[in-house]
Amino acid sequence: MSTSKRKIEHLELCAKRPVESRNVTSGFDDVMLIHKALPQIHMDEIDLSTDFLGKSLKAPFLIASITGGHPDTTPVNAALAEAAEELGVGIGVGSQRAAIEDPEQESSFSVVRDKAPNAFVYGNVGAAQIKEYGIEAIEKLVDMLDADALAVHLNFLQEAIQPEGDRDATGVLEMIKEVCSLNVPIIAKETGAGISKEDAALLKEAGVSAIDVGGVGGTSWSGVEVYRAHDSGDAISEDLGNLYWDFGIPTVSSVLECRSFVPVVATGGVRTGLDIAKSLSLGAYAASAALPFVGPALIGADEVVSSLSKMLNELRVAMFLCGCGNINELRTSSKVTVTGWTKEYITQRGFDPKDLDIRSDL
């Protein structure tokens, strides 16, 4: 199957089928922001703006990589980009592999920069494709978008389940090091299985500028592949995908694992502004989500703006109730507790819950 056809299949499945984690959550329910009964600030004067990788954002949010690579995905990316431009948030594109294989698909990606000339836009390529296509081809992906950064996605769980997946991860860290020589920041991005502190240390050493943890709790790409396998009659891949549907490190745990190495983006089950606030209070520099905007984007930009505006208003309320007048205060001064499964996990991983308030300013 061509990459382009697979991309439209993925989009349709995410729009129509239940693809989120089944039995493992992101961990946000284990996180409690300590309420300030005396916030002593005006809610309407709270400043959501922040800087991320040298670019100013009106709010600490990125519309995560969703799609591209098929003509039918162009209006979806256009709607997302228009919303990003209007609200001043960042936006990523789906894997640009299809544009390497077929230059006619470039417009499904470049429309994002066309519709969002001032936004923080990041490109996207799989780690496996760096080895396959080489650094010059990857550089063209940056130029295609006039991108402010490039995400290198680590989706080896999906590759292991996908019948046509690339299962060769040899030399991947060296390839990432090579990509880090490009003249844009590189974001190492998991796609639903999270990143550990051990891998975060290796990625920092390789030269990445940020880590998007892509933890368990949101879209399960193993789950997406279950539907593809079922529809094609591939019972072995279907069973394998079901077994690994919830495999990996949940988002909150992964943020705590990675936060001391490089700036972190919290992705994976972020569904409300309260989730964004909790992410930043744990040390993330921004939060991100994709699935909540698929349905709205299929309708149009106004629907995306409405959905995202709701989340940003929820973030503002959370900041007000924590007495935080700006994003830096939320990241460095808010008080937070972690209980339940997440506390047990981070304790076993050597993280002292008493150190939650010690957040690095990287």
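Backbone N, Cα and C atoms are what each Cβ position is placed from, and that goes for glycine too.
Residues or ranges marked as substrate binding site by Swiss-Prot on the basis of sequence analysis: Arg6, Lys7, Ser95, Gln96, Arg97, Gln158. Marked as FMN binding site by Swiss-Prot: Ser65, Ile66, Thr67, Ser95, Asn124, Lys189, Thr219, Gly269, Val270, Arg271, Ala290, Leu291. What Swiss-Prot records for Glu159 is Mg(2+) binding site, and it gives sequence analysis as the kind of evidence.
Shown here: features listed in Swiss-Prot, placed on the structure.
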residue	record	DSSP (3 states)
Lys7	substrate binding site	helix
Ser65	FMN binding site	coil
Ser95	substrate binding site	coil
Asn124	FMN binding site	strand
Gln158	substrate binding site	helix
Thr219	FMN binding site	strand
Val270	FMN binding site	coil
Spatial neighbours of Ser95 (substrate binding site) among the binding-site residues Thr67, Glu159, Thr219, Val270 [C-alpha, 10 Å]: Thr67
Cβ neighbours of Ser65 (FMN binding site) where a neighbour is any other Cβ within 10 Å: 24
Closest of Lys7, Arg97, Gln158, Glu159 to Thr67 (FMN binding site), Cα positions, binding-site residues only: Lys7
Lowest local Cβ density (other Cβ within 10 Å) among binding-site residues: Arg6, Lys7, Arg97: Arg6
Cα-Cα distance linking Arg6 (substrate binding site) and Thr219 (FMN binding site), given in Å to the nearest integer: 17
Neighbour count (Cβ, 10 Å) for Glu159 (Mg(2+) binding site): 20
By Cα-Cα distance, the member of binding-site residues Lys7, Ser65, Val270, Ala290 nearest Glu159 (Mg(2+) binding site): Lys7
Neighbourhood of Gln96 (substrate binding site) by C-beta distance under 8 A, where only residues 6 or more apart in the same chain count: Gly68, Gly69, Phe109, Gly123, Asn124, Val125, Leu141, Met144
Rounded distance in angstrom between the Cα atoms of Ser65 (FMN binding site) and Lys7 (substrate binding site): 12
Ala290 (FMN binding site) and Lys7 (substrate binding site), distance between Cα atoms, whole Å: 15
Distance in Å spanning the most remote Cα pair of Arg6, Lys7, Ser95, Gln96, Arg97, Gln158, given for substrate: 17
Rounded distance in angstrom between the Cα atoms of Ala290 (FMN binding site) and Gln158 (substrate binding site): 17
Maximal Cα-Cα distance (Å) across residues annotated as binding FMN, namely Ser65, Ile66, Thr67, Ser95, Asn124, Lys189, Thr219, Gly269, Val270, Arg271, Ala290, Leu291: 22
